[in-house]
Number of protein chains: 2
Amino acid sequence: MSITIRKLDSTAADFQQTLNTLLAFEAETDDAIETAVANILADVKARGDAAVLEYTNKFDRLPNGGATSMAALDVTQEELQEALNALPESQRAALRTAAERIRVFHERQKQELNGFTYTEPDGTVLGQRVTPLDRVGIYVPGGKAAYPSSVLMNAIPAQVAGVKEIVMVVPTPDGVKNRMVLAAAAIAGVTRVITIGGAQAVGALAYGTATIPPVDKIVGPGNAYVAAAKRRVFGTVGIDMIAGPSEILVLCDGTTDPDWVAMDLFSQAEHDELAQAILLCPDADYIAKVEASIHKLLPTMPRKDTIATSMTDRGALIRVRDMDEACAIANAIAAEHLEISAEEPQQWADKIRHAGAMFLGRFSSESLGDYCCGPNHVLPTSRTARFSSPLGVYDFQKRSSILFVSQAGAQTLGKVAAELAYGEGLQAHARSAELRIESGS
Amino acid sequence: MSITIRKLDSTAADFQQTLNTLLAFEAETDDAIETAVANILADVKARGDAAVLEYTNKFDRLPNGGATSMAALDVTQEELQEALNALPESQRAALRTAAERIRVFHERQKQELNGFTYTEPDGTVLGQRVTPLDRVGIYVPGGKAAYPSSVLMNAIPAQVAGVKEIVMVVPTPDGVKNRMVLAAAAIAGVTRVITIGGAQAVGALAYGTATIPPVDKIVGPGNAYVAAAKRRVFGTVGIDMIAGPSEILVLCDGTTDPDWVAMDLFSQAEHDELAQAILLCPDADYIAKVEASIHKLLPTMPRKDTIATSMTDRGALIRVRDMDEACAIANAIAAEHLEISAEEPQQWADKIRHAGAMFLGRFSSESLGDYCCGPNHVLPTSRTARFSSPLGVYDFQKRSSILFVSQAGAQTLGKVAAELAYGEGLQAHARSAELRIESGS
C-alpha cells in the first residue's frame, strides 16, 4: 500500500483549474435509493409502527425471529446507565470530560441569544423571543461507524438549548448494541433511545407513529438512505445539513514538525476514501519533508488502505507563493476544518473569512476538536462554510417576533402601512391599518 | 360573491380531525416543472450568459426583438435613484420610514450576535466568530406580485449583516419595470439590479456566469419554477425556506371591534386563494358578530373574489372552551402570523411557544408588521415556526469555531481525545493527539 500524492504549485498556469477539479464533489443521486426511500416513507406514514417493525426486523436482521413489538425496541434509561457503568474507567472518564467541556462551550453559545425588546416613545414594544424546539430526533448510525462522540455533539446542544424531549434512534444490525454509544446517550441527557434506523426511523420521527411522537427536527449523520429520507421529510420537520465527505485544510508556515502535519492529514483521510486532506505551504523543502513523513508513517496506520486511497484520489500538497496567498486560497476552499499550523497564527486567522472551524497553532490538532475541546464537531462541508455554521445551540432554538403596537403608534404606523399597501394593490391590508387610525381620531 | 365560512367548535368529537384536515397543505411537485427547471439550470451552468439571455428574451417577452447583451439587462444605480425621485412624495416618504424602522429593528438583531472567546486556565482559547456572507442574491418577483416591501425586508437584513454585495434579480415581463420596486432597491442599499427572473436567474446566481458572479445564498419569494430551482441549487448556495401559503391566526377574547378582526382575516385572505385565515374565540356571540362583519365588508373589497375563495376553502371561525385552550391550539398550529387581540394580551403570549410573529393587543394589526413596524415580514409558514425563525440578520451571517490549544492544554486534552479515538477505532486521530503530548513531556 503506497501513496502517490499530488503536488501542486500555485504559480502554475493551470493551477486554478486543477484545484477546482480536485475540490469538485457532487453527491450522486441514486434512483434506486430514491425510490426505495420514497416507498418506505409512504409506508411508515400509512401504517406506522407495523411498517417500522417490519423494516427493522428485515434490514437489521434482528435475531430470534425479530422483535414482535415496538416496546422491544426501546432501550430503557436503566440499560443506558448499565452501559455507562460497564465501561472501563478510563473510557467513562474521557466521555465525561468531553461531555462537560462540550456543555461549557455550548452554554456560552446559549448566553449569546437571549432575545430582546425595546419600547418606542409612543409606547409601542418591539422585540424578538427565543424559544427551544419541543422535541428533536437524533440519528446515530449503527454498526462500524457508530461514534459515541457524535452522540455527545448532537445531543448536548439540544439539551443546553432547553429541548425537553431528545429522541435518539440507532439501528442495531444483527441485534448488536454499541455499549459506548449507549453510555454516551446516558451522559448527554438523551430522553429516549429506540433501536431503529434507516429511512424507516427517519419516517417514524418525522410523521410520528402510535408509539413514537413526531419530532420537530432531525439531526445527525447517516448513510445514503438516511440522507435521502432526511431530504424528503424536510419541511415537515427541520433537518441539519446533509453532510458531504469530511475535509481538512492545513496552512503551514513550515515551522511545525512534519510528522505532526502528516498525521493531521491522515486523521481526516482515515475517515473515508472520499475524505479530503490538503496542505498549503510556501516552503517547498518543508513540503518534501511532510511527504517523507507521509511515506514513513503510512505503514504504521491500521486504516492505511483508506488513508492511501483518500490521499491519492483527493489529497494534495500545494506550494503557495506566501502565507497571504494561502489565506486567499483557504477562503475560496471554505474548508470544514482549517488548521493554521504556524508561528503567530492569529495574523493569518484574521484574514480568513470562511471556515467551519479554525485550529490555531501547532498544538491545536483537529482531533482535539473532534472529541473534547468543546466546540462542535458537526461542521459545514463542501464549501458550505461560505453560508452555514457549525451545529450549535441555535439549531435547537427558534425566534418569534413580538409586535405590541400602542394606540398612538397605530396612528403613525397606520398611515405608512396604508400608503404602501395601496401602492401594492392590497386594499384589505390598507383598511386593516386605517380602521385603527379612525378609532384614534 | 359570497362566503360560506366554516364554523367549528372545539368541543365537537371530530374537532381535532377536522382541524387537521383544514390545516393540511402539501405543496405538490409538478413533474413538468421539475424537468423544465432541471434543463434550464443545466443549460445555464453549461452556457452561462448566452443561455440566460435566451431564456430571458423568451420567457419575459422582451420588446424590440429582446436584449442583445447581458449589459442591457443591468439597471444602473442612476436608474434606481431616478425611480425613487419619480415617486409621489407620500410613497417615497412611506418607503423611507419603513426602511428606517426595519433597519433599526435589524440592528438590534445584529447586536445580539457578536461571537465570543474565553481563555482557560492553561491558556487554551476557545470561541466563536461571526462573519457576514460575501455576496447574496435576492429574488424579487416581477409583474403583478411585485412588492417593494419584499425588497426592503430581504435586502436590509443582508446589508445590516455586513454583506458587501447584494445582487437583486427581478424579471420584467414585456419589458415593464416596476418603479416602486426599483425605488425600494435604491433605499435598501442593493448593490446591483439585473432584470432577469425564473429558474435562469436562480441558476445564474448559483453557478455564476461571465457577467454575474456566483452568490453564497439566494433569498426571496418566487413562483413554482423559482421555488423548484432554489431547491435544486441548495447545497451549492444557501437558500431561505421555501414558503407555503401565508396564514393568520387570530386569538380574540371578544373585546375587539368585530370589523377590525374581519378585516385582519381579509388582509391575509386577499393574498392568495390558498392563504389561510382562522379565528379562535371562546365567545359564540362574538363569533357571530365577526361573521356578520365579514358578510358586510366583503362587497367593499376590490379583491373580494380571492378573499371569498380563500375564506371558504381554507378559513374557519372556531369556538374554543377558553383562551387557555385557544393558546394550546395556537401552539399546535404554529402560525406564521398570530394576533392576540385581547385585553392584557401578554398573559396569553406567555403561553405561546410557536409562532412566526406575535401581534399583541388590538392595535397591532398584521398589516402594520407587514410594512413598517420593523420586524421582518418573511416568516415561517405551514407549521415550520415549530423549528424555524423569521428572516433576519442571522440568515446573512455564519459562525466559525475558534480553537487555539496551548501546549499545556494539548497534554490534558490529548489524553482524553486519544482514549475516545482508540475507542472509535480511529488511530490516526489518536496518534495526532498523542504526538502533541510526547512533545510536552
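Backbone N, Cα and C define each Cβ position, glycine as well.
Whatever TrEMBL says is automated annotation, not expert-curated.
Marked as NAD(+) binding site by TrEMBL: B:Y139, B:Q200, B:N223. Taken from TrEMBL, the feature substrate binding site applies to B:S246, B:Q268, B:H271, B:H337, B:D370, B:E424, B:H429. Per TrEMBL, Zn(2+) binding site is recorded for B:Q268, B:H271, B:D370, B:H429. Look at TrEMBL and you will find B:E336, B:H337 tagged as active site, proton acceptor.
Once the Cα atoms of B:Y139, B:Q200, B:N223, the listed binders of NAD(+), are compared pairwise, the greatest separation found is 13 Å. Residue density at B:E424 (substrate binding site): 20 other Cβ atoms are found within 10 A of its Cβ, drawing on all protein chains shown. Mapped onto three states, the DSSP output places B:Y139 (NAD(+) binding site) in strand.
The closest partner of B:Q268 (substrate binding site) among the recorded positions, by CA position, is B:E336; the full candidate set was B:Y139, B:Q200, B:N223, B:E336. Straight-line distance linking the Cα atoms of B:H429 (substrate binding site) and B:N223 (NAD(+) binding site), rounded to a whole number, equals 48 Å. Within 10 Å (C-alpha to C-alpha) of B:E336 (active site, proton acceptor) lie the following binding-site residues from B:Q200, B:N223, B:S246, B:E424: B:S246. Contacting chain A by the Cβ rule (under 8 Å between Cβ atoms), the binding-site residues B:Q200, B:N223, B:H337, B:D370 reduce to B:D370. Same-chain residues with CB within 8 A of the center of the B:Y139, B:Q200, B:N223 CB atoms, the NAD(+) site residues themselves not counted, are B:P141, B:V169, B:P171, B:G197, B:G198, B:A199, B:A201, B:V202, B:G222, B:Y225, B:V226, B:A229. Residues B:S246, B:Q268, B:H271, B:H337, B:D370, B:E424, B:H429, recorded as contacting substrate, have a largest CA-CA distance of 56 Å. Cβ neighbours within 10 Å of B:N223 (NAD(+) binding site), excluding its own Cβ and spanning all shown chains: 16. The Cβ of B:Y139 (NAD(+) binding site) lies under 8 Å from the Cβ of B:M168, B:V169, B:V170, B:G197, B:A201, B:V202, B:L205, B:I218, B:V219, B:G220, B:P221, B:G222, B:V226, B:K230, each of these being in the same chain and 6 or more residues away along the sequence. Fewest Cβ neighbours within 10 Å among the binding-site residues B:H271, B:H337, B:H429: that distinction goes to B:H271. Of all Cβ atoms in the protein chains displayed, 28 besides its own lie within 10 Å of the Cβ of B:Q200 (NAD(+) binding site). Local packing around the Cβ, expressed as the count of other Cβ atoms within 10 angstroms, is greatest for B:Q268 among the binding-site residues B:S246, B:Q268. Between the CA atoms of B:S246 (substrate binding site) and B:Q200 (NAD(+) binding site) there is a gap of 26 Å, rounded to the nearest whole number. Neighbours of B:E336 (active site, proton acceptor), defined as other CB atoms within 10 A of its CB across all chains, total 29.
Put simply, B:H271 is the one of the binding-site residues B:H271, B:H337, B:D370, B:E424 whose Cα lies nearest to the Cα of B:Q200 (NAD(+) binding site). Counting only residues at least six positions away in the same chain, the Cβ atoms of B:S149, B:S267, B:H377 sit under 8 Å from the Cβ of B:D370 (substrate binding site).
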